[in-house]
Amino acid sequence: MNVFEPRLSSWLENAGDDDDVVLSSRIRLARNLKDEQFPIYEQKEEIVDNIAEVFDDNFILIKMNQISLLQKALLVEKHLISPYMMNKSEYGAVLLNEEENVSIMLNEEDHLRIQCMTPGLRLFDALEAALQIDGYVEEKLSYAFDKEFGYLTSCVTNIGTGMRASVMVHLPGLVTTKRIKSVIEAIRSLGFVVRGIYGEGSMPASNIFQVSNQVTLGKTEAEIVEDLTQVMEQIIMQERVARTTLKQKFHIALEDRVFRSYGLLMNCRIISMKEAADAISDIRFGVELGFFEHISRQKMNELVLFSQPAFLRREAGRDMDELEEKVIRAKVIREILGDK
C-alpha cells in the first residue's frame with residue numbers, strides 16, 4: 001500500500017446512493033484521552049505511539065515529522081488529513097486503512113479524530129463504521145467523558161457527541177438558476193453549516209459545497225445523521241428539478257457551455273487550477289445530463305484529484321513555477337480525458 005500513489009480512494013472510486021448529486025459522505029468523531037492534557041498545547045509523540053498500538057496491521061501509521069511537505073499536501077488533497085494537521089501538527093500522525101475510507105488523525109486539535117468516508121449519500125454506513133472503530137478504541141483506552149456534557153473536546157462546539165457529519169455535493173443546477181443563495185440560507189436556518197471542499201476555512205467553489213451539522217450537544221449521533229440526511233434529500237430533489245428545467249428550457253445553451261468546457265480541457269496547453277475546476281464542473285454536469293456516455297463519474301473524480309497542485313508536483317518529480325504547473329495540469333487533464 002502506497003498512499004502517495006496517484007490512485008482514487010475507495011469512496012471516490014465506487015458508486016453510491018444519489019451520486020449524481022452527492023460526491024461523498026463523512027462522519028468524524030473527536031475524542032481525547034482521559035489522563036492527557038487537551039487542548040494540545042504541547043504535542044506528545046508518546047500519545048501517537050500509545051494510540052497506534054491499539055490498531056492492527058490493517059492500518060498503516062504515517063507520522064507527520066517523517067514525511068515531506070509534498071507528501072503531507074497529497075494527504076490533504078485526498079482528504080485523509082486536514083490542512084490544520086499539515087501546517088500545525090509537528091507530532092501528529094494519521095492511521096489509514098488500505099481502502100483509504102478510514103482515516104484516524106492523531107494529535108490534531110484533539111488526540112483522536114476518527115473519520116469514515118463513503119461514496120454518495122450513505123451517512124448511516126459511515127456512522128456505523130466510525131462507531132465500530134470508536135467502540136474498539138474505547139475498550140482499550142479511557143476517553144475524557146462527562147455525564148452531563150458528553151465527550152470533551154478541544155473546541156467547545158464539538159462537545160457532546162463529538163461528531164461532525166458532512167456531505168459533499170455538486171450543485172450546478174441550483175447555481176445556474178441562481179437559487180443557491182436561498183437554499184444555503186435555508187440550510188443555515190436549520191442549524192447546518194455550508195463550506196467549501198476542504199471544510200472549515202474553505203469557501204465553496206466550482207459548484208461543490210460541503211454541508212455539515214453544527215450542533216453536537218443534546219442529540220444522539222443517529223438523530224444528527226437523520227436530520228442531515230433529510231436536509232440532503234431535499235437539496236438533491238431541488239438540484240434535480242433545476243437540472244431538468246435547464247435541460248428542457250435551455251438545452252442548446254447548456255450543451256454549448258458543457259461542450260465548450262470539454263473542448264477547452266481536451267485541447268488546452270496551459271490552464272490554471274480555477275479554470276480547470278470550473279470546466280471540470282461543467283463536464284460533470286454534462287455527464288449527469290447524459291451528454292457524455294463515454295465519461296464515467298470515476299473519471300471525473302480523477303480529473304478533480306489529479307489536477308491538484310501536490311499531485312502535479314508529484315507527476316513532475318520536482319517543484320515548479322506557476323507557468324510550469326499550468327502546463328503539467330493541462331497535460332494530465334488531456335491524458336485522463338483522452339483515455340477511454
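Quick reminder: no glycine exception, Cβ is built from N, Cα and C everywhere.
Positions annotated as domain 'Phosphagen kinase C-terminal' by Swiss-Prot: 21-242. Annotation comment: Swiss-Prot describes 24-28, His79, Arg113, 164-168, 195-200 as ATP binding site, evidence class sequence analysis.
Positions of the features from Swiss-Prot, shown on the structure.
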residue	record	Cβ neighbours (10 Å)
Ser24	ATP binding site	24
Ile27	ATP binding site	26
Arg113	ATP binding site	26
Ser166	ATP binding site	22
Arg195	ATP binding site	17
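In this model, the domain 'Phosphagen kinase C-terminal' (21-242) carries an average pLDDT of 91.
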